[in-house]
Amino acid sequence: MLILVRHGESAWNAADRFAGWADVALTEVGREQARDVGRRLLDDGCVPTVAHTSVLTRAVSTADLILDACGAATVPTLRTPLLNERHYGALQGLPRTAAVERFGAAQVARWRRGISDRPPADAAGHGESLADVRARIRPYVETVLFRVLDAGDPVLLVSHGNTLRMLRQIVEGLTDAQASALELPTGGYVRYEDVSVLRRAC
């Protein structure tokens, strides 16, 4: 079993700012969203025995709260930067309204959902397109995630909106258009019971 969870609401989600790799904490709403996921997994009998997260606080905290709420606080957890959110380059930290004012709504929309459209780099030269994120996570999916799933372990994977969009494209065999259209709210999750289907899609 694979359970993909988008982290709970962060302070910058609430403020509608581009977070990217910025290490932003959860709001109390986000903390409760995480606890609710854990309670629902427990009610459904879907308690993970392994957890994977990005290294960003909002994902780590979400995973910890989920595991605590479903009675699995001591399961082994892998934290990897491969599951970090997309780096938004020069947009990182900007309110979305400010980005639209500076660059125009159409351009911001292309950067957000165009698969190969990379936002302008920040001062350190960082910035990722969705295709860059896909290339970053593919080795993790194929060599780390599937190895754990093949061992029969129910996996909780907590990551970020754009990272999960590209991960789902890989494991579900989605087109670019289908992947671009995917939406998962903060604290939302997708559960795959038959992981052999994911292996075939990959």
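Placement of Cβ uses the backbone N, Cα and C atoms for every residue, glycine included.
The following features are taken from TrEMBL:
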type     : residues                             : note
BINDING  : 6-13, ARG58, 85-88, 112-113, 161-162 : substrate binding site
ACT_SITE : HIS7                                 : active site, tele-phosphohistidine intermediate
ACT_SITE : GLU85                                : active site, proton donor/acceptor
SITE     : HIS160                               : site 'Transition state stabilizer'
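Projection of TrEMBL feature records onto the structure.
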| residue | record | Cβ within 10 Å |
| --- | --- | --- |
| ARG6 | substrate binding site | 27 |
| HIS7 | active site, tele-phosphohistidine intermediate | 33 |
| GLU9 | substrate binding site | 22 |
| TRP12 | substrate binding site | 19 |
| GLU85 | substrate binding site | 25 |
| TYR88 | substrate binding site | 26 |
| HIS160 | site 'Transition state stabilizer' | 26 |
| GLY161 | substrate binding site | 19 |
HIS160 (site 'Transition state stabilizer') versus GLU85 (substrate binding site) - Cα distance in angstrom: 5
Of the recorded positions listed as HIS7, GLU9, TYR88, the one whose CA lies nearest the CA of HIS160 (site 'Transition state stabilizer'): HIS7
Pairwise CA distance, TYR88 (substrate binding site) versus the residue listed as 'active site, tele-phosphohistidine intermediate', rounded so that it is a whole Å: 17
Three-state secondary structure, TRP12 (substrate binding site) (per DSSP): helix
Three-class DSSP secondary structure - GLY161 (substrate binding site): helix
